[in-house]
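Asks: Here it is: the structure, laid out below.
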Amino acid sequence: MNKRSLRVLEFNKVKEMLKKYAYSSSAKKLVDELVPYDNTYEINNRLEESNEALEILMKKGNPPIEGLCDIGDILQRAKKGGTLTPEQLLKVLGMLTATRRMQEFFKREDQEVSFPKLEDLAYILAPINDLEKEIERSILSEDEVSDNASTTLYNIRRSLKEKNSSVREKINSIVRSNSKYLQDSLYTIRGDRYVIPVKAEYKSSVPGLVHDQSSTGATLFIEPMGLVNLNNEIKELMLKEKAEIDRVLSALSLKVKMNAEHCESNFKILTNLDFIFSKGKYACELNAIKPMVRDDGIFNIMSGRHPLIEKDKVVPLDVVLGDEFDTLMITGPNTGGKTVTLKTVGLLHIMALSGLLIPASSNSSVSFFKEVFADIGDEQSIEQSLSTFSSHLTNIVNIMEYDNRQSLILFDELGGGTDPAEGAALAIAIIENLSSKGAKLIATTHYSELKAYALNKERVENASVEFDINTLRPTYRLLIGVPGKSNAFEISKRIGLGKEVIDCAKNYMSKENLEFEGLIRNLQEKSIIAKKDARDAKVIKDEADNLKKKYEQKLERLEKVKDKAYMDAREEAKKIVANAKDEADEILKAMRELEKLGIGSGGRQRLEEERKKLKDSLEEKEKNLYKMKENDGEVLEKVALGMEAFLPSLNQTVVVISMPDNRGEVQVEAGIMKISVKLKDLRKTKQSKVEKVKKKRELKLHFSKVENRIDLRGLDAEEACYRVDKYLDDAYMGNLGEVTIVHGKGTGILRKAINDMLKRHVHVKNYRLGGYGEGGDGATIVELK
């Protein structure tokens, strides 16, 4: 896309705002390089990533990107065999830690909402835990290696501490015994060796090696001979320490080199995630949405807001183009918001085509344009010089030379800066030329000729910015279908210009112009009233919709509570009966034991009578659990798929979804529940034969429409399993032998959830992953019973 439009529409300022939300310098660099994409596939992918980032930020908070630094040069140094400094290794550690934490951040439970785009990115991350732990253990700060880096280093430093302690004890003794020869009763260090400050005149009184002297020459820093050997030992240990540190750093650098490819890949993915989340954070700040992207030149921006205008000052605008008209002519007074409208439309398109969410309402759409041209001056002046006219015309000529079949062109004061009649004629000619090439245009103007042109020309529409005559201020609302007027007479009257002067001015205007201006004013007033009525109606409708939704949800919750309470009561009753049966069996068992111990045949017969009486009583109690509230109805002897029946135990009508098995049980559907019951427990309904036949025909027709393939991509596991369960029931009743379930490859979570459900499903005979030409690992082939 041309750089001039990006500059004029202030896309660079948007990117500067976006950079504030990027953590790493590498992500900020991606922001600097951001330009509109050249195909809808890329645009939709980038918009979906931004939208997922926004949703994640709202649900889970900020991702763990802290500590990520640009390590490109560091990895190149390691790959060439160079030794990394502790500071460089800490930067590598920051990336490794961010890699591990980011992957943990994206882990979720099966029931949680999925974010496939970003989860796929995080899935590619390859944590290098061993290297992370080793650097963390070895490097203490940007300039210090830890004692724990190696056993050798630990031992060397322990010896150093011991030697230093011995030297300090000895030198303190020397200071005390030679205090009269010393400048101060203390010791110091010169060149890593312990020395004492001796007065120059007593140099011969303290035998030792001179290492330094004061600036005046009055003090000599002498290493006493008694310390030379100890100082030599300390120096040797310090050299060993340095050598061991170099070895540790070299070993760590080698391990970084060995893992350089994984580090580079992780760094690239983390940078991309940092960039994507910066877009999500900016969208959160703007209260932005993901627009639909069309490729037919039609767009509908609803409540669009300019992202660079302060929230409390920006006025939302509605702009449509490409459906009923291809050119929009905006007229109205200066400072009325015409130029802001142009810039808002252009900038929101550039943002969306660059993968950024836009500040607008959720039902907004943009269109894919290969080019967005903007001829917008930096200054809005009443007087325009010839040089300004020439500059605008030069830019227009460049625009007209381009193939504008997929272009959005924005003109500010088209034809301005020259004679009004010539300027208007030139503007009309330019519009017609560009329209004939398929371009979509929005232009602002003051010329009445262009208002009349828009009224009479097909595919061209007038628009104006609303102006409040009472306050003499623009409202900045865009009124499509209504041409604007300058309001010069009304403004002059409000300011205090005499009536006679205004009347005189009107006499110089033609009758046609006065009538035209009056017509425009009437249209504006009616449009304003209509807009207000529409806004009021929308508020009432939204309130009604919310109220309806609220009570529907409340009713649904009540139904669920009622069903659950009923089922809980039945389960509790069944448990009571079962416990009673168990207790009876225990009693009978005990009675048989007593019989073995000596009860005669007469007692045996009585025991059997009591046993039968107890069993009969329990069975009667169990039957009472399943009695209907009203008449039980006639017992069903035969059933058919799709037949309605009455189930007394639930006191409701159910639908038969399977034929009786070898145990005499059928599966029925009761609302959202599927349960197995005995055929003898079902009762005929009071439905007429005609209604039954009609129902069967409707059912058969419904099942005949069942397709042999269902696509679940984009759904979460819970929703997907629900749809598959219902789909398999329909497919089974539609006599489909084999069906295909498309779940995509992704992270494999959805496929696992589907497979777990298929293992338990009553209609599934067998299932397998798709083969070549069947969708591969992204699909599962299911054979039905």
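One is the number of the first residue shown, and numbering goes on along the chain from there.
Each Cβ is built from the backbone N, Cα and C atoms, and glycine gets one as well.
So Swiss-Prot lists these for the protein:
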{"type": "BINDING", "residues": "Gly332, Pro333, Asn334, Thr335, Gly336, Gly337, Lys338, Thr339", "note": "ATP binding site"}
{"type": "DOMAIN", "residues": "710-785", "note": "domain 'Smr'"}
Asks: Work through the binding-site residues one by one (Gly332, Gly337) and point out the residue whose CB has the fewest other CB atoms within 10 angstroms.
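Replies: Per-residue Cβ counts within 10 Å for the binding-site residues Gly332, Gly337 bottom out at Gly337.
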Asks: Can you check which residues sit near Lys338 (ATP binding site), meaning Cβ under 8 Å from its Cβ, same chain, 6 or more apart in sequence, and list them in order?
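Replies: Those within reach of Lys338 (ATP binding site), by Cβ under 8 Å and sequence separation of 6 or more, are Ile330, Thr331, Gly332, Asp412, Thr444, Val465.
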Asks: Quick one: give me the count of other CB atoms within 10 A of the CB of Thr339 (ATP binding site).
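Replies: There are 19 of them.
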Asks: Could you give me the DSSP helix, strand and coil counts for the domain 'Smr' (710-785)?
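Replies: The domain 'Smr' (710-785) comes out at 32 helix, 19 strand, 25 coil.
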